Amino acid sequence: MSYYGSSYHIINADAKYPGYPPEHIIAEKRRARRRLLHKDGSCNVYFKHIFGEWGSYVVDIFTTLVDTKWRHMFVIFSLSYILSWLIFGSVFWLIAFHHGDLLNDPDITPCVDNVHSFTGAFLFSLETQTTIGYGYRCVTEECSVAVLMVILQSILSCIINTFIIGAALAKMATARKRAQTIRFSYFALIGMRDGKLCLMWRIGDFRPNHVVEGTVRAQLLRYTEDSEGRMTMAFKDLKLVNDQIILVTPVTIVHEIDHESPLYALDRKAVAKDNFEILVTFIYTGDSTGTSHQSRSSYVPREILWGHRFNDVLEVKRKYYKVNCLQFEGSVEVYAPFCSAKQLDWKDQQLHIEKAPPVRESCTSDTKARRRSFSAVAIVSSCENPEETTTSATHEYRETPYQKALLTLNRISVESQM
């Protein structure tokens, strides 16, 4: 097998989780670390003693109703109507009691006809707010306070309907369940890809109406402790090869572990023993509603498999593409060095240095030999015109400097004899 070989064999998968590696190859058992994000995307954060907690929720009541859970929403929805009916029913009963309508005296014109008990007052409040209008109970001109209460209850009923029904519709329009159909692979993988060590995970959309476009982002969260024992969290972005995707079919997100990556100096053992968490988010727009959504997940060291790659899920048919969802979580074990990406780059540099040809020193030795030769060469070269350009391969043959030097020496010897 070559250094970057592609041979692999399928690992023995558990029957409960097809494609998952067996338990004995993941990592040794160790204490589970608290994670910031759960696998379903929910935050593992609890706020205690928030300054102005209830006041901030009441001021922004609409956002509070939209963000609350559906069971709490139904309780608030029911209590808002029931309490308003009870409050105004009590007011109408007090008006009737103060005016003497409960005595059933025919000489007294009641404030509200046919209200002789608290039950009757409650039913009148219910009919007024829901605009049922049975016609049996009605307010008269005898009491202006009763007329004013009917006006206030009508206005309050419109406000309650606006907030409660509007919040329910807004909560339905958010379609948070849409984020649950965007699925992240349970494991993240580290393996060789195009000759480079890469971190990979998979994202898939399993609804018929796919997302229009989406942006993937990943951050590495590292927990550190200072000398005083206080824990700090440091975030660092992971550069992705394909961060802008159209999720028609499952896509494998790739992060190349280069010199800018926080995983650059970590080998297989260091990754298994390190204390970090990789937070991944996917922000996308649905084609049915056109609203923006966000799906989240995270990976801790025990969920990162070294030396694996994902199985192929896409099959090319004659007229269409087939996605095998059973292979979404499947992975196979492939060859990958256990050293870090930093060590791989260092080995590659050493390999290139060893294969580089040695530097030739013929020119240097030739220059030294010429310097030791007779200085007549310098005499000839100094006599040449410095403005002349250097000779090219197309010029005619000229005498070498040594021949010129020999002629010059002969001329000097002849002149000396004369």
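Cβ from N, Cα, C; glycine included.
Swiss-Prot lists 118-134 with the feature intramembrane segment. Cβ atoms under 8 Å from those of the intramembrane segment (118-134) belong to residues 81, 84-86, 88-93, 96, 112, 150, 153-154, 156-157 of the same chain, restricted to positions at least 6 beyond its ends.
The annotation phosphoserine is assigned in Swiss-Prot to Ser373 (among others).
As annotated by Swiss-Prot, phosphoserine applies to Ser375 (among others), with the evidence given as similarity to another entry.
Look at Swiss-Prot and you will find 131-136 tagged as motif 'Selectivity filter', backed by similarity to another entry.
As annotated by Swiss-Prot, topological domain 'Cytoplasmic' applies to 1-67 (among others), with the evidence given as similarity to another entry.
With a cut-off of 8 Å between Cβ atoms, the residues of this chain six or more beyond the topological domain 'Extracellular' (95-117) that come close are 124, 136-140, 142-143, 145-146, 149. Taken from Swiss-Prot, the feature topological domain 'Extracellular' covers 95-117 (among others).
Sequence annotations record features per position, and here Swiss-Prot assigns topological domain 'Extracellular' to 135-143 (among others) based on similarity to another entry. For the topological domain 'Extracellular' (135-143), same-chain residues at least 6 beyond its ends with a Cβ under 8 Å from one of its own Cβ atoms are 95, 99, 109-115, 120, 123-124, 127, 150.
Taken from Swiss-Prot, the feature topological domain 'Cytoplasmic' applies to 172-418 (among others), supported by similarity to another entry. For the topological domain 'Cytoplasmic' (172-418), the predicted model reports an average pLDDT of 76.
According to Swiss-Prot, the feature transmembrane segment maps to 68-94 (among others). Here the transmembrane segment (68-94) has long-range neighbours at 111-112, 115, 117-118, 121-126, 128-129, 146, 149, 152-153, 156-157, 160, 164, 167-168, 171, meaning same-chain residues at least 6 beyond its ends whose C-beta is under 8 angstroms from one of its own.
If you look at the transmembrane segment (144-171), the same-chain residues 6 or more away from its ends with a CB under 8 A from one of its CBs are 61-62, 65-66, 70, 73, 76-77, 80-81, 84, 88, 91-92, 95, 111-112, 125, 128-130. The transmembrane segment annotation in Swiss-Prot covers 144-171 (among others) and rests on similarity to another entry.
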Could you count the residues of the topological domain 'Extracellular' (135-143) that DSSP puts in helix, in strand and in coil? 0 helix, 1 strand, 8 coil
